[in-house]
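Per TrEMBL, these features apply:
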- B:Gly28, B:Ala30, B:Val31, B:Asn35, B:Ser259, B:Asn291, B:Leu408, B:Ser412: Na(+) binding site (BINDING)
- B:20-39: transmembrane segment (TRANSMEM)
- B:45-67: transmembrane segment (TRANSMEM)
- B:88-110: transmembrane segment (TRANSMEM)
- B:174-192: transmembrane segment (TRANSMEM)
- B:204-228: transmembrane segment (TRANSMEM)
- B:248-273: transmembrane segment (TRANSMEM)
- B:396-417: transmembrane segment (TRANSMEM)
- B:438-463: transmembrane segment (TRANSMEM)
- B:469-490: transmembrane segment (TRANSMEM)
- B:511-534: transmembrane segment (TRANSMEM)
- B:565-587: transmembrane segment (TRANSMEM)
Amino acid sequence: MLRALLFTLSVVAIAHAELCKPDAQNAFKVRISIKTALGDNAYAWDANEEYLFKAMVAFAMRRYSSKSTTQISNVLLCNVTDRVSFWFVVTDSSKNVTTVPGSEVEAAIRMNRNRINSAFLLSDKTLQFLKITSTLSPPVEPSTPVWLIVFGVVLCLIVAGIVFLIFSGIQKHKKKNKESTETENLEEKVEVTLENGIPCEALDLKPGHINGVFAADDERFTSL
Amino acid sequence: LSATPEISKEDDRPKWDNKFQYILSCIGFAVGLGNVWRFPYLCQIHGGGAFLIPYFIALLFEGIPLLHLELALGQCLRKGSIGAWNTISPYLGGVGVGTWVVSVLVSLYYNTVLTWVMWYLINSFQEPLPWSACPLNENRTGFNEECYESTAVNYFWYRKTLNITPDIAESGTLQWWLILCLAACWAIVYLCTIRGIETTGKAIYVTAIFPYLVLTIFLIQGLTLPGATDGLIYLFTPNLNTLKNPRVWLDAATQIFFSLSLAFGGLIAFASYNPSKNDCEKDAVTVAIVNSMTSLYASIPVFSVLGFKATTAYWDCLDRNIISIINEFDLPEESIMQQNYTTWISFLNSSYPEKIAGLKLKSCDLQEFLDQSVSGTGLAFIVFTQAIILMPGSQAWAILFFIMLFCLGLSSMFGNIEGVFTPLLELRIIPKSIPKELLSGIICLISFLIALCFTLGSGSYWIDIFDRYAGTVPLLVIAFFEVIGVVYIYKIKNFIGKSKDVEWMTGRKLNLYWQITWRFISPLLLLIVFLAFVTLQMQKPPSYPAWNPKYEGFPMKEEKVYPPWVRAICVLLAALPCVCVPLVALFQLVKRNHRSKDPSLVSPEVFSCQGANS
């Protein structure tokens with residue numbers, strides 16, 4: 001009994017070693033950069049974290065294929081380096097010693113990428129699945145582009161300024177016209193010279209009028 | 001007694017509110033975008049601090065004399081450029097017409113540059129800045145290809161702003177967002193110049209002073225950035241060997257000349273609104289020195305920021321190499337830092353040379369990044385915007401930077417528009433009943449409609465052409481004729497001698513320095529600069545760098561040659577203002593020969609400044 005158990009274990013171990021190795025079929029390389037992502041709050045990568053990783057991959061496979069057959073023991077990790085990077089495969093327990101096709105694994109990971117990232121407090125860039133491209137989220141675009149709003153404000157201010165200046169110009173022009181006609185009227189009055197309330201033109205030429213009564217008296221004065 | 005209702009023509013002429021407004025307008029006209037994006041570049045490529053030597057020599061012998069000449073001319077004759085030259089001699093009226101044509105051509109394309117600045121300004125209100133990240137491609141698996149191969153900043157400038165075509169012959173379509181911004185810019189210009197100097201005089205307080213505030217803020221911020229000192233040391237370290245290259249002297253002379261905005265007619269127009277008794281000598285020296293000091297002052301923050309950008313690029317280069325090495329050798333994170341990078345590289349190179357070679361690491365050299373020099377629109381819209389993304393609080397810096405550029409350009413536009421507006425007001429073509437507001441509105445509207453062709457896909461190529469041909473050679477020619485005209489045709493003894501025009505205006509005897517420079521040095525210098533400039537331009541084949549995403553060397557620009565019809569337009573642009581001078585002289589000659597000799601014609605010798613306003 002014991003011997004049989006030992007035998008199966010060794011077979012499984014060898015099989016696992018066969019299945020999970022760098023550049024194996026359906027194997028993916030993962031690269032994790034904890035210090036870049038978390039800085040001082042970085043945690044160390046140890047066996048517990050590896051267990052969590054296996055659990056997350058199993059969770060992703062379960063969610064994707066909706067059959068609860070994938071176990072944590074189906075996920076094999078190997079070649080863990082100090083970087084931290086490692087390779088993993090997902091085995092299929094229903095078929096003997098084979099791996100789940102890479103396309104399925106890829107689709108499952110893509111679908112649950114967000115959950116996997118958050119479990120480790122990392123992002124797409126710091127938890128890299130080297131052959132799996134991530135769907136990039138587009139930048140947030142507001143419904144009306146911001147620049148159009150700013151432009152509208154600026155244009156309204158300019159147009160208000162122009163209208164104000166034009167109107168003040170027209171008003172100034174009208175006032176100047178009114179003033180110039182007033183001064184012209186004043187000048188007309190001033191130009192008309194008056195003699196005893198009678199305009200000189202009516203009196204025929206120059207102001208001043210020789211009064212014949214006084215002029216005639218000149219003979220009364222004794223001549224010198 | 002009755003007061004004479006006829007008001008003298010002199011009181012009708014608009015006046016500056018105070019002397020400060022006039023000086024500020026001249027300074028605003030002279031200080032423009034070139035002080036920020038051309039002078040630092042010239043300093044950098046021509047041996048740093050050593051460039052200041054030819055620069056100040058050119059200022060002394062070319063800049064200040066010509067500036068004084070223009071200001072004295074405008075102040076004495078109290079007319080715009082066309083009227084002033086007609087008064088000096090009807091044969092020289094062509095000089096005035098030439099400056100008017102140059103002002104028109106430059107106004108057209110200069111405001112389009114302001115359009116670009118405005119577009120960037122209103123986009124700076126977005127968080128995050130739109131030029132900081134590439135847009136995604138259609139199936140959202142990666143970035144837009146054109147953007148990915150060049151940079152996000154390049155993509156935003158060439159695609160999102162200009163929507164540039166790969167060739168000047170392909171016009172592309174009108175870009176509606178640029179049309180909107182162009183309309184706004186011309187509306188702002190109309191708002192500020194609506195009543196001539198009455199309104200620009202008020203606007204200039206803001207547009208001339210604000211850039212200095214922003215430059216100071218950038219100076220303080222720039223000096224605190226990492227790598228700023230590298231940039232400044234690189235800029236100012238003098239390399240006296242470059243002075244042996246005549247190209248350096250030519251660049252210094254042309255930079256001074258174009259920077260002071262001489263021969264546009266705008267300075268004559270500004271000075272013509274002055275009272276006759278005003279010290280134009282002191283004004284000229286003040287404006288010239290402030291202009292040069294501003295160039296120097298602006299180069300400090302520009303180079304701090306460029307040094308910061310080079311340092312950041314260097315660090316990025318190192319970091320990328322480090323990541324590749326760590327990933328390849330599966331070393332733990334943060335084992336290789338920037339400090340021990342070189343030791344690690346040498347160790348790994350000796351132990352695993354093939355692996356290192358296979359990584360294709362880029363060599364990171366700080367000097368190489370500092371050497372990447374850019375001038376003009378590339379500096380403002382590509383290099384600086386990239387640096388701004390890296391600064392904390394990048395939105396505020398972007399807004400400040402672009403408002404500063406806008407104010408700098410706007411105050412120069414005021415001078416250009418005055419150069420167009422004032423002569424038109426004085427020519428008897430425009431009936432007196434048209435109010436000033438309508439005239440300036442018509443000018444702005446027509447300019448807007450013509451400038452629409454710069455909003456086409458190929459618009460920026462055309463602006464380069466206008467900048468290279470309409471804004472350079474004609475000015476040199478016209479300035480040469482200006483000096484020759486005043487000194488030898490009007491006879492300088494009338495200007496500074498017997499009737500003592502300038503002496504009467506400034507209130508002191510004219511220095512020997514002015515006599516020598518006006519008579520001999522400046523005309524000679526202008527002639528040499530003109531010949532050298534034209535020779536150099538002819539040596540270069542008329543080619544332009546085109547942005548072509550389909551080019552093999554993309555993102556490098558493709559050098560293309562101008563087609564013959566474009567070359568004809570270049571020649572036309574350069575020749576049109578110059579040809580006005582002999583054409584008008586010829587026209588006057590023909591007119592005079594047709595008429596019998598008219599004794600009532602005023603000969604130039606009789607004219608004097610004191611007689612001008614009696």
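Note: Cβ is positioned from N, Cα and C throughout, glycine not excepted.
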Stretch of maximal Cβ-Cβ contact with the transmembrane segment (B:396-417) [cut-off: under 8 Å; candidates B:45-67, B:248-273, B:438-463, B:511-534, B:565-587]: B:248-273
Sequence-distant neighbours of B:Asn35 (Na(+) binding site) in its chain (C-beta under 8 A, six or more apart): B:Ser259, B:Asn291, B:Thr294, B:Ser295, B:Ala298, B:Leu408
Conformational class of B:Val31 (Na(+) binding site) under the three-state DSSP mapping: coil
Seg_contact(the transmembrane segment (B:565-587), the transmembrane segment (B:88-110)) with at least 3 CB pairs under 8 angstroms, min sep 6: yes
Cβ-centroid neighbours of Na(+) site B:Gly28, B:Ala30, B:Val31, B:Asn35, B:Ser259, B:Asn291, B:Leu408, B:Ser412, 8 Å, sequence order: B:Ile27, B:Phe29, B:Gly32, B:Gly34, B:Ser261, B:Thr294, B:Ser411
Spatial neighbours of B:Gly28 (Na(+) binding site) that are distant in sequence (at least 6 apart) but have CB under 8 A: B:Ile204, B:Thr207, B:Ala208, B:Ser411, B:Ser412, B:Phe414, B:Gly415
Proximity verdict for the transmembrane segment (B:469-490) and the transmembrane segment (B:204-228), three or more C-beta pairs under 8 Å: no
For the transmembrane segment (B:45-67), sequence-distant contacts whose Cβ falls under 8 Å of one of its Cβ atoms, 6 or more beyond its ends: 234-243, 245, 248-249, 251-253, 255-257, 259-260, 262, 267, 284-285, 287-288, 292, 296, 373, 479, 482-483, 514, 517-518, 521-522, 525-526, 529
Whether the transmembrane segment (B:20-39) meets the transmembrane segment (B:511-534): three or more C-beta pairs under 8 angstroms: no
Non-local residues, at least 6 beyond the ends, that sit with Cβ under 8 Å of the transmembrane segment (B:511-534): 58, 61-62, 64-66, 68-69, 246, 250, 253-254, 257, 281, 472-473, 476-477, 479-480, 483-484, 486-487, 492, 496, 502
Non-local residues, at least 6 beyond the ends, that sit with Cβ under 8 Å of the transmembrane segment (B:204-228): 21, 24-25, 27-28, 31, 192, 294, 297-298, 300-301, 303-305, 307-312, 391, 397, 400-401, 403-404, 407-408, 410-411, 414
Long-range environment of the transmembrane segment (B:88-110) - Cβ separation under 8 angstroms, sequence gap at least 6: 77, 80-82, 263-266, 268, 409, 412-413, 416-417, 419-420, 423, 447, 450-451, 454, 462-463, 466-467, 470-471, 474-475, 477-478, 481-482, 485-486, 489-490, 573, 576-578, 580-585, 588-589, 604, 607
Packing count at B:Ser259 (Na(+) binding site) (other Cβ atoms within 10 Å of its Cβ): 23
Packing count at B:Ala30 (Na(+) binding site) (other Cβ atoms within 10 Å of its Cβ): 26
Cβ neighbours within the same chain of B:Val31 (Na(+) binding site) - under 8 Å, at least six residues apart: B:Ala208, B:Pro211, B:Val290, B:Asn291, B:Thr294, B:Leu408, B:Ser411, B:Ser412
Cβ packing number for B:Leu408 (Na(+) binding site), 10 Å threshold: 28
